[in-house]
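Copied from TrEMBL, the annotated features are:
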- Arg92: active site (ACT_SITE)
- Glu95: active site (ACT_SITE)
- Ser118: active site (ACT_SITE)
- 79-152: domain 'Cyanate lyase C-terminal' (DOMAIN)
Amino acid sequence: MEKQSNKANMVASLMSVKQKSGKTFSQIAEETGLTNVYVAQLLRRQAQLKPETAPKLKAALPSLSDEQLHDMMEAPLRSYDPNLIQDPTVYRLNEAVMHFGESIKEIINEEFGDGIMSAIDFFCSVDKVKGVDGKDRVVVTFDGKYLPHTEQKSEHMVSRLMRKE
C-alpha cells in the first residue's frame, strides 16, 4: 500500500509541474519527440523515462527536479485504479474496445494470421480533427507490433532441449 501512496504523491507532483508549465501533453510531446499519450504515461508513472529522453523532458518542463527525473527513470508500478472505469471517457473507451473488439480481432487474424497486437511494443496517440460536418472529432491511434501465436513444438522448447544435454 505504501508503494501505491508513494506513486500517488509522485503523480500529483509531476502533474503539478505540468500544470504550472501551462503546456498541454501535445505541446510537451512535440518538444520531446514523444507521443502525447506517452508523455501522459510518463507523468502518471505508467511508463519509464529513458536516460536519453530525460534532457528533452527537462527542457520541456524545467521545473522538474533531478530527483523527479531520477524517480521517473526507475521501472514504474504499472497499475490503475479500478474506480477509473467510472469516468465517462474511460468507460466509453472501454465500451468502444468491447463493442468493436471482436471485429478488430477478426480483421487482425484475416490480415496477419493467428496472433495479437502487442501492448508492449506499442504506440498510442490522441489527435483532434474536424469531421466532414465541421465538428471536432477524437482520433485514438493504437499502433502495436503484430505478435503471431506459435505452434508449441516440444523440439523448439529450450527448457526441454537443455534437459537432453
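The backbone N, Cα and C atoms fix where each Cβ goes, glycine too.
Caution: TrEMBL annotation is automatic and unverified by curators.
Location within the structure of each feature annotated in TrEMBL.
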residue: Arg92; record: active site; Cβ contacts under 8 Å, 6 or more apart: none
residue: Glu95; record: active site; Cβ contacts under 8 Å, 6 or more apart: none
residue: Ser118; record: active site; Cβ contacts under 8 Å, 6 or more apart: Gly144, Lys145, Tyr146, Leu147
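Broken down with DSSP, the domain 'Cyanate lyase C-terminal' (79-152) shows 30 helix, 29 strand, 15 coil.
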